[in-house]
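Written out below as structure tokens is the structure these notes cover.
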Amino acid sequence: MRTETLQHSRDVSNTTLTHELSFEEIRDSPPDGGYGWVCVACCFTINAFTWGVLSSYGVYLSYYLQNNVFPDGTSFDFALTGGLNFSMAMIVSPLATALTRRSGVHLPMALGILCQTSGFITASFAHRIWQLYLSQGLLVGFGIGLTWIPSIAVLPQWFQKRRSMANGICSAGSGIGGLLFSFAVRAILSNVSLAWALRICGLVSAAMNILATCAIRSRNHIVQPRLHPFDVRLFRRYEVFLALAWGFVSMFGYVILLFSLSDFARSIGLGSTQAAAVTALLNLGTAVGRPVVGVMSDRFGRIETAGLVTFLCFVSVFAIWVPATSYAATICFAIINGGILGVFWMTIAPVSAEVVGLKELPSMLSLAWMMVVLPCTFSEVIALKLRRVNSSREFLYAQIFCGLAYLIASFFALELWRVHRKRTHGRLDDRRGD
């Protein structure tokens, strides 16, 4: 009788422990909705008024190249200024991660809004090329990084089954923002002035980013991620290396496409209005395509979808962009490629969560941002060096370079899928054996 009583007590204790563990797992797991949808709206807004604003730099670049606004500036200077927007946003990632660990997501985002707004406002008073470097290049880049980087790790904390869909929706914000700002900047440049185009960009983006920053909420207090700004231990993992290599190489193609398409349109005889329309439609494709890619990613696999979409970028470049010589063909390419060219930005957070898990996600993303600094800085510079001036196919070499970058990146993604699949299946076999 006593033995039966002891056994019953152990069974009750084990059952209670199991229930407690299940409760902990349920508490820590992403809720897949609730306030997470508010965070999706916040991240959508942040994307629209950081990267969306930055997407309009192609319009600024075309304006700088055609008008003698900065007499001491060259095409190299203007291309590098746009590259600094991206690279400075990435290089500030260790600082953004460290501030998030110490103070939460709101402080670095507030500092980012201040930097981005100051960059645009001070750029409106610039008269020398070094002033443009410091304002529209460095300050705006720092601002975008400090605002956006803390927000990118928030959504995976709120979603699991719908993680890629939520990420795709918020990534579409850059397309909507790019669409609006491409038309707006072109109209203001034509009817008002460069100075007011820069000021309006700064003030409007500041107002919207402040609203989003006030409303966004992280679950760091529950997930308790390891917020190491530069965790080199992750480099020891082969999967991490493959994911970072995929991002590094694909970024060459992305930046060249984003910044060169407007100028390419002018090189085939299109007017400034048509060139601006091409950039706007590229962003429209982004707005429509990214949520679709997100849904596909949740359904068919995050890493598999990232590799497939990267390969489709390669195909679209050689099948549509290289032979394009008309307005219709260029628009067709802009809409189709708009939805897939930024595959890195729309899938890096879900892919990283698959590779390292939620606790290591901020550290992994910090490494990813640092890895794309060089391609972000020099991709458009390389594209300008590859241009064949006074040739009927002025952008041919740049187009080939862009397409090959996507092809090589797709090979890294394919290998990542193979290794990750093998590791996942190995874990399942071990569990079945237990």
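Yeah, the Cβs are placed from backbone N, Cα and C, and that goes for glycine too.
Database features (TrEMBL):
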type     : residues : note
DOMAIN   : 239-434  : domain 'Major facilitator superfamily (MFS) profile'
TRANSMEM : 35-58    : transmembrane segment
TRANSMEM : 78-99    : transmembrane segment
TRANSMEM : 111-130  : transmembrane segment
TRANSMEM : 136-156  : transmembrane segment
TRANSMEM : 168-189  : transmembrane segment
TRANSMEM : 195-217  : transmembrane segment
TRANSMEM : 238-261  : transmembrane segment
TRANSMEM : 305-322  : transmembrane segment
TRANSMEM : 328-352  : transmembrane segment
TRANSMEM : 364-384  : transmembrane segment
TRANSMEM : 396-417  : transmembrane segment
Out of 35-58, 111-130, 136-156, 168-189, which stretch touches the transmembrane segment (78-99) the most, going by CB pairs under 8 Å? 136-156
Predicted model, mean pLDDT over the domain 'Major facilitator superfamily (MFS) profile' (239-434): 85
Cβ under 8 Å, sequence separation of at least 6 from the ends of the transmembrane segment (136-156): give me the contacting residues as numbers and ranges. 30, 36, 39-40, 42-43, 46-47, 50-51, 54, 60, 80-82, 84-93, 95-97, 99-100, 105, 108-109, 111-120, 122-123, 126, 163, 166-167, 170, 198, 209, 212-213, 216-219, 225, 349-350, 353, 358, 361-362, 365-366, 369
Can you tell me which parts of the same chain pack against the transmembrane segment (35-58), counting only residues 6+ beyond its ends and a CB-CB cutoff under 8 A? 82, 85-86, 89, 109, 116, 140, 143-144, 147-148, 151-152, 154-155, 158-159, 166, 169-182, 184-185, 201, 204-205, 208-209, 211-213, 215-217, 258-263, 279, 283, 345
